[in-house]
Amino acid sequence: MVKFKAIRGVAFDLDGTLVDSAPGLARAIDMALAHQGLPAAGEALVSTWIGNGADVLVERALHWAGREHNAQLVAQTRELFDHYYAKTVEQGSQLFPQVKATLAQLAANGLPIGLITNKPTPFVAPLLTSLGIADYFSVIIGGDDVVVKKPHPAPLYLLLGKLGLHAREMLFVGDSRNDIMAAQAAGCPCIGLTYGYNYGEAIATSHPDCVLAHFADLLPAIGLPSLKDQEV
């Protein structure tokens with residue numbers, strides 16, 4: 001696509017883009033709620049709360065459970081969530097189809113690859129390692145590495161500086177409006193994926209430069225051979 005001809009690097013969101021992490025997140029939230037005598041929300045509902053970081057995830061869970069928000073309750077529930085998620089993050093997460101093969105092709109073509117996630121930083125590296133994709137990333141920016149998270153463009157500015165790229169040279173790929181808003185605010189071209197966690201909204205409503213239904217479609221979108229072509 002002409003709009004992606006200047007691309008010299010690609011950055012990705014994590015949850016809902018590279019990794020289906022809803023099962024592990026839901027288990028941790030439900031155990032944190034149960035510890036306080038509250039009902040379990042379940043994976044289908046928790047998946048609609050993903051994308052703004054752990055604090056917001058906890059706040060949404062407490063609001064759903066009908067508990068009044070206060071700093072002490074949020075802090076206590078967040079501590080419980082962290083405790084349980086440390087046990088569920090790896091076994092409760094799996095790569096979406098063709099993610100690893102696509103990352104491998106991007107790397108083979110000399111493109112630096114970055115990761116920008118609102119997920120708490122301590123959980124990121126162990127998850128990437130367990131899934132076998134950690135070595136593909138030149139720069140990883142977690143939720144604790146910046147003062148403000150996506151949809152603010154600050155994490156993208158930080159990544160651009162670390163990679164030495166101009167905004168127009170870095171493609172950002174994500175599954176939620178927070179990803180698209182952050183990319184647009186930073187001046188980066190962006191691709192929205194239809195299969196992730198976007199609060200029940202179609203990603204097209206956020207007006208990314210391109211919408212893809214399959215992760216591997218990224219390769220031909222930026223002018224590289226598709227995985228099928230490489231198998232011939």
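Along the chain as shown, residues are numbered 1 onward.
Using N, Cα and C of the backbone, Cβ positions are placed for all residues, glycine too.
The annotation in Swiss-Prot ties ASP13, ASP15 to Mg(2+), and of the candidates under consideration, ASP175, ASP209, ASP217, the one tied to the same site is ASP175. For ASP13 (active site, nucleophile), the same-chain residues that are 6 or more apart in sequence and have a Cβ closer than 8 Å to its Cβ are LEU115, ILE116, THR117, LYS150, PHE172, VAL173, GLY174, ASP175, SER176, ASP179, GLY196. Burial estimate for the binding-site residues (ASP15, ASP175): highest at ASP175, by number of other CB atoms within 10 Å.
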